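Here is the structure we will look at, set down as structure tokens.
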Amino acid sequence: MTVADPRLTDAPAHSRTSLLGRRRGGRPPRFPRAAAYVALTKPRIVELLLITTIPVMLFAAGGLPSGWLILTTFVGGALAAGCANTLNCYFDRDIDALMKRTENRPLVTGEVSPRQALVFATVLGIASTAIFVAFVNVLSAALALGAILLYVVGYTLLLKRRTSQNIVWGGVAGCMQVLIGWTAVRDSLDWAPFVLFGVIFLWTPPHYWPLSVRYREDYANAGVPMLPVVAKPTTVSRQIVLYTIAMVLCSLLLVPLGGAGVVYGAAALVLGIGFLVQTIGLHRRATRFEVETGGRDAGTLEQLKRISPMGVFHGSITYLTLLSAAVAVDPFVRVGWPF
């Protein structure tokens, strides 16, 4: 039997409502139960994943695919990501309760029971597979199912609590969306989607590690060995810079291996340099921080805030969004290279 969070069961009605509505800027949602189920899917992560899917479809088609194909791929991908994220919430509900960043997730507060979450995830997974098989193709369905298994089994169950490299290899699941977008159009794979797969794989550490620096104490209290928990800030920031350099170089490979034009190539170079400058700035701040603290430990949360890691976190989102836009636009304004 599921025991609901006492903040919900023992609090007055208005307190319970405010807790349920905290995710909506303090206002209670009109349909709190539906809002709780949506929260399980981590919609912001779903949005970020789908930002890469549709541009890849446009690039693969060399223009605009059918609206129906875009819609069914979008919905199928969103349902698959929602399934994986819900299962992640199910298996991580014990550590989510220990972290301030995640303590208001529905399985922690008792808004949704573990059994209800499992049923919900199963329905999402079945619906995703059915949509891909019926309206897209079997290869895309297999890749979507593979992404779910990689995220839930590979990342959540095997890696997250065991290694500081958890998000590096766990990030493979997030890379699958570009393969799904490509196969939805081509029903086959080529070098181009694997280049973009590599970009997102190398983008994942510079995206998640700054967030982990900001919430280092949360992860430490929950016993999750994120790299910022077990390593000094300079070690983390150095790794972020190295991954960013590799990511920028990988993004440029879409020109010779994927036939991308000048628009994409110029955007990839400019955006890459801009983001690299941000990560180098983070490393410099981390180095100063280590000198100030004498390198004794990673410091307190207030000290870590001086490194300003969230600027790089938000910068990574901007980078991926604009790079994806360049992927989408390139087929429509294809300008060939003079060599």
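Any Cβ shown, glycine's included, is placed from N, Cα and C.
Fair warning: this is a prediction, and the values are worked out from it, not measured in the lab.
Annotated features in Swiss-Prot:
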REGION    1-27  region 'Disordered'
TRANSMEM  45-65  transmembrane segment
TRANSMEM  67-87  transmembrane segment
TRANSMEM  117-136  transmembrane segment
TRANSMEM  140-159  transmembrane segment
TRANSMEM  165-185  transmembrane segment
TRANSMEM  191-211  transmembrane segment
TRANSMEM  236-256  transmembrane segment
TRANSMEM  257-277  transmembrane segment
TRANSMEM  309-329  transmembrane segment
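Proximity of distant same-chain residues to the transmembrane segment (140-159), defined by a Cβ-Cβ separation under 8 Å and at least 6 residues beyond the stretch ends, is recorded for 73, 76-77, 80-81, 83-85, 87-88, 91-92, 125, 128-129, 132-133, 165-167, 169-174, 176-177, 179-180, 183-184, 187. In this chain, the transmembrane segment (165-185) does not touch the transmembrane segment (309-329); fewer than three CB pairs sit within less than 8 A of each other, excluding pairs fewer than 6 residues apart. Listed by sequence, the residues of this chain that lie at least six past the ends of the transmembrane segment (45-65) yet keep a Cβ under 8 A from its Cβ atoms are 73-74, 77-78, 81-82, 85, 174, 177-178, 180-182, 184-186, 192-193, 196, 200, 258, 260, 317, 320-321, 324-325, 327-328, 330-332. Same-chain residues lying 6+ beyond the ends of the transmembrane segment (236-256) with a Cβ under 8 Å from its Cβ atoms: 192, 195-196, 198-199, 202-203, 205-206, 209-210, 212-213, 227-228, 264-265, 268-269, 272-273, 275-276, 279-280, 282-283, 285-287, 307, 312, 323, 327, 337. Listed as Cβ neighbours of the transmembrane segment (257-277) (distance under 8 Å, sequence separation of 6 or more from its ends, same chain) are residues 59, 190-192, 195-196, 206, 241, 244-245, 247-248, 251, 315-316, 318-319, 322-323, 325-327, 329-330, 333-337. Non-local neighbours of the transmembrane segment (117-136) in the same chain are 37, 40-41, 68-69, 72-73, 75-77, 79-80, 82-83, 86-87, 89-90, 106-107, 144-145, 148, 184; each lies 6+ residues outside the stretch with a CB under 8 Å from one of its CB atoms.
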